[in-house]
Every structure is written in C-alpha cells, then in structure tokens.
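K.L.:
Sharing the features that Swiss-Prot gives for it:
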- CYS95: active site, glycyl thioester intermediate (ACT_SITE)
- 197-211: compositional bias 'Basic residues' (COMPBIAS)
- 11-157: domain 'UBC core' (DOMAIN)
- 157-211: region 'Disordered' (REGION)
Amino acid sequence: MNSNVENLPPHIIRQVYKEVSTLTSDPPEGIKIIPNEEDITDVQVNIEGPEGTPYAGGIFRMKLILGKDFPAAPPKGYFLTKIFHPNVSTNGEICVNVLKKDWKAELGIRHVLLTIKCLLIHPNPESALNEEAGRLLLENYEEYASRARLMTEIHAQGSSLRGKDPTDPCSSASATLVSGDGPMAKKHAGDRDKKLAAKKKTDKKRALRRL
C-alpha cells in the first residue's frame, strides 16, 4: 500500500510523529507501538487480550492507516492477527464508531487505540461486520467465547505486554469479567433463563389445553 506521507501537510506530519513517539515511550496498558520510521501513516501496534475475556493470553497485531485527509477524516483500522469478534470482518476491518460517525479531528491516536482495546471487552453486536460472531454473542455466549478462545490460541499467542495507564477506561472493567462472571456473560445467562422460563410456561399451557 502506498504511503500517504507526501500527501499530508508538514504540520500534520510533525503532529503524528510527536504522538507516535510519545506512545512508543509511554504506551497505554497492554498496548505496544511498533513505529515505522519510513512511513508514519502506517501505525502498527500489538494489543494484549484483556484478562477475563475470550481474548486473554493473546497478542493481536493491528494497524491504523492515516489517509491523506487525516485528521479531518478518521484513520482506518485493521486487525492483522485473525480474531473472532463481531466488530471485526474476516479481512480484519474494524467497525467502531470512533473510526466513523463519532470521529473528531481533535481525537488522537491514543484515544483510537484505547477504544479498540475496549472493543475486545465490550463487543457491539448491533454493528457487526462478522454476522456469525454477532449472532452467537447474542444467542449463545458460551459458543461465542469458545470460538473466540480457539482463534486466540491458534493465531494470537505471544509474550505478554507490560505497562500501566491510569487513564485507561478499560483496565478496571476487564477485572470484572474473570471466569465468565462479568456483565457480558451474566447478561446473556439472564436472557437465556428468561427464554427458558417463557418456553416452560408455554409448554405447560399447551399441555393443559390437551386435558
């Protein structure tokens, strides 16, 4: 893919270079920047799968591509590591609002990376690019988690990343998800219980009609 460096104004190039340098020396928790000195518009990072999620233990390579209209237009995000996730297509394209309708020119690369990391903790099935993953997340969380864990074990194994970021809005949230007891798992368990109760009630009414 061709570089967009020559298409960006000098002050934007300096701005991006400064932010990437800062992120490299002071990265958010669980995120490691892989700087490309030849093309700063190709920002590659490793993201550590958050604890308590089906992605825990995995290291996921992804990249942001800064187009010629950046920062007026959002960057494009792609996972280079295969991942089973509702908001990531089979070719790695990431669907998240901050890369689309919620983008603002003043939002930086750090904000985008933290948002994508949060997406690993809180998937959004309503804007699914992977329809199968979105359907399983809503209808059968255990199967969704099993598929996601398997993909992580096959494609995303690596050494853990170190680093703490007190501004990371996801760091405390991930701790509540351990062992499938987090809000996502509980929500889907509650939905299943309601469906089972409704089915039993319907079956009972049908049985009474036959008497």
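Backbone N, Cα and C define each Cβ position, glycine as well.
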K.L.:
Counting every protein chain present, what is the number of Cβ atoms, excluding its own, within 10 Å of the Cβ of CYS95 (active site, glycyl thioester intermediate)?
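P.N.:
If we count other Cβ atoms within 10 Å of CYS95 (active site, glycyl thioester intermediate), we arrive at 18.
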K.L.:
Could you give me the DSSP helix, strand and coil counts for the domain 'UBC core' (11-157)?
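P.N.:
Summed over the domain 'UBC core' (11-157), the classes give 58 helix, 27 strand, 62 coil.
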